[in-house]
Amino acid sequence: MPALFPLFADLKGRTVLVVGGGVVARRKVTALMEAGARVVVGAPQLAEPLAELAQAGRIIHRQGLFEPTWLDDAWLAVAATDDVETNRAVAQAGEARRIWVNVVDDAELSSFQVPARIERGPLQIAISSGGGAPMLARHLRERLETQLDESLGALAELLTRSRERIRERVPDLQARRRFFDRVLAGPVPGLLRRGAHVEAERALDDALAESPARSSAGRVALVGAGPGDAGLLTLRALRLLNEADVILHDRLVSPQVLALARRDAELIEVGKQAGGHSVQQQRIHELMLEHARAGRHVVRLKGGDSFVFGRGGEELEFLHAHGVAFEVVPGITAALACGAYAGIPLTHREHAQSVRFVTAHCKGDAKDELDWANLAAERQTLAVYMGVGGLDGFRRKLIAHGRAASTPFALVENGSRPEQRVIIGTLADLAETAAEHAVQSPALLIVGEVAALAHSLHWFGAAPLSGSPVRYAQAA
Ligand code: SAH
């Protein structure tokens, strides 16, 4: 069977007949009205809100049972009754008069079909399975909905508005193609995404003023990759991964997330292990600059959120100082992910009225600038981002400054990942319990009464582990 021929019809001011006055008819009427059609609804009676629309004169009601003469002034017809015979009669009458008829949910009787579609302003994407697999078309539509940014509508409008200007300035078709490639790869889409419409228009003007030979400006997106589970990425992060030329990622970013990157994007691991030094940070800065200046779309991808113990601030300051355009996409930080995936609410009306995100390197170094008295206060939760090496020192200081040795803790290793482990105990036994279970990085330490809730609220992965009673006896 030959494939259907796709077609976008201009229905403005043209008469379209809809046969049927119920819910299905109403859906079709709404879509036709949006396209500016003059809608005639033929049915014995109309259900609300069609009756109301007829009353207001926005549609025309033909009362009665379908007659072929109803089609006389119509360009198109839709049969939307629940009566197969009526629908068939409309289809046959349409066929005889060469008027396109869609019979709702009946591909066989239809001479035209209405596609599943995605709308972004004047931009429309229509999907058809030929009528045989509408569910597949719907599924695809949902996927595309998540991938295509809302701001595409504004982009289509801007380009429509500027069409004449662009033609005048770049009359040659080939050159115009290159110009559009350059604009679409440049800062205009990103500006629109941020809602900066005036700046976007100006950037388009700049691109028009530029000599066509100059390459487009690159840009850097600082993107939070979340804790590992790719389902925790934001839609915007996903889109940027799809558009990236170069992705500079930390070691902490999971393979599941990297698998979502554009296939021909260049992946560069710039991860630093705990204790990694500033030479590496310098190298990251250089790479960002080099690729952005070459006109590429750079995604700087970090575990969790870039602004939570991620040095995102320093990287932006650097980009700002070098005049490179950037945007920031937040990610789910380890504290939120580990709390959620371990069944530990970070605040709780009965146990903790505040939560602190802390990072600690307690290897006995002099650089300890933490306010221990405050950290040891009751009725708060500590979410501690650290390597597992510092647990002993951390516990000692906290207890020395007054936090009860019986305060519950939870260590969440590989939070949100399939191999996640949760280890629970009390502060007194923190280091020993961690050693007993050989807890590895990345692990987040949660200290506070709420940590004990993981016993009852855990839902993801294996049940929480705790320290062995024999060892407690030895320690006592
Ligand atoms: N910017 C990141 C944190 C980087 S610091 C964020 O917002 O999450 C690195 C520390 O984060 C690790 O030592 C560990 O304590 C914690 N961490 C990151 N990902 C983790 C995960 N999946 N599970 C447990 N802890 C994690």
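Placement of Cβ uses the backbone N, Cα and C atoms for every residue, glycine included.
Automatic prediction, not curation, is the source of TrEMBL annotations.
Summarising the annotation, TrEMBL assigns NAD(+) binding site to Val23, Val24, Pro44, Gln45. Summarising the annotation, TrEMBL assigns domain 'Siroheme synthase central' to 120-146. If you look up TrEMBL, you'll see 218-476 marked as region 'Uroporphyrinogen-III C-methyltransferase'. Positions annotated as domain 'Tetrapyrrole methylase' by TrEMBL: 220-431. Residues or ranges marked as active site, proton acceptor by TrEMBL: Asp250. What TrEMBL lists as active site, proton donor is Lys272.
Taking the features listed in TrEMBL, we show where each one sits on the structure.
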residue: Val23; record: NAD(+) binding site; DSSP (3 states): helix
residue: Pro44; record: NAD(+) binding site; DSSP (3 states): coil
residue: Asp250; record: active site, proton acceptor; DSSP (3 states): coil
Tertiary contacts of the domain 'Siroheme synthase central' (120-146) (same chain, 6+ residues out, Cβ under 8 Å): 1, 3-4, 6, 8, 107-108, 110, 113, 152-157, 160, 235, 238
List of residues, in chain order, with Cβ under 8 A from that of Val23 (NAD(+) binding site) and at least 6 apart: Ala47
Tally of DSSP helical, extended and coil residues in the domain 'Siroheme synthase central' (120-146): 13 helix, 6 strand, 8 coil
Asp250 (active site, proton acceptor) versus binding-site residues Val24, Pro44, Gln45 - nearest by Cα: Val24
Whole-number mean of pLDDT values that fall within the domain 'Tetrapyrrole methylase' (220-431): 91
Chain-internal residues, separated by at least six, CB under 8 A from Pro44 (NAD(+) binding site): Gly21, Gln63, Gly64, Leu65
Cβ-Cβ neighbours of Val24 (NAD(+) binding site) (radius 10 Å): 17
Fewest other Cβ within 10 angstroms of its own Cβ, chosen from the recorded positions Gln45, Asp250: Gln45
Env. residues of NAD(+) site, Cβ within 8 Å of mean position of Val23, Val24, Pro44, Gln45 Cβ: Gly20, Gly21, Gly22, Ala25, Ala43, Leu46, Ala47, Leu50, Thr81
Distance in Å spanning the most remote Cα pair of Val23, Val24, Pro44, Gln45, given for NAD(+): 15
